[in-house]
Amino acid sequence: MSLSVQFFSLLAMIGTGIVAAAMIDMIGTGTAHAGKKSFVRRHAVIIEVIGWIIAGCWTFTILYTVRDGAWRIYDPFAQLSGMLLYASFFHKPFRVVGKVILLVIIKPIWLIFRAIVSVINRLFLFIIWILTLLSKPFVSIFRKLNRKLFKIKWR
């Protein structure tokens with residue numbers, strides 16, 4: 001293995017450490033800002049474990065792509081240094097980019113989704129209201145006939 005390939009794989013492992021730290025930070029931030037009774041808060045440990053598993057699988061995919069899966073002793077140190085680089089330098093820029101993505105992409109999509117669900121819900125409620133309104137005369141007639149025809153005798 002040439003020196004340039006080793007250097008490239010070292011940079012790749014540092015990059016996977018940065019991305020893994022950003023992903024775990026994103027999961028931690030998301031669970032911290034979730035409501036106390038929300039699904040995310042109740043299952044925070046499971047979500048974080050799944051996040052670590054995904055980060056590990058993604059790291060191995062990068063390792064397999066760069067070096068055909070050959071693991072070197074410096075790979076964990078490179079990943080750890082990538083995580084420390086994230087904590088030292090890239091933490092705030094990633095947070096700013098995350099907030100921008102949240103405000104520009106995710107919140108408008110969520111607003112549109114909630115509006116569509118609200119319209120569908122109100123449409124169903126309107127249909128139920130109309131059916132109830134149309135069936136009230138028949139229900140009252142049925143109840144009157146039912147009381148007259150089938151009198152319950154108490155013992």
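Placement of Cβ uses the backbone N, Cα and C atoms for every residue, glycine included.
A TrEMBL annotation is a machine prediction, not a hand-curated record.
Proximity of distant same-chain residues to the transmembrane segment (6-24), defined by a Cβ-Cβ separation under 8 Å and at least 6 residues beyond the stretch ends, is recorded for 48, 51-52, 54-55, 58-59, 62-63, 66-67, 72, 74-75, 78-87, 90, 94. Marked as transmembrane segment by TrEMBL: 6-24 (among others).
Under the heading transmembrane segment, TrEMBL lists 45-65 (among others).
Positions annotated as transmembrane segment by TrEMBL: 96-117 (among others). Note on the transmembrane segment (96-117): residues 26, 29 of its chain, located 6 or more positions outside it, place their CB under 8 angstroms from a CB of the stretch.
Marked as transmembrane segment by TrEMBL: 123-142 (among others).
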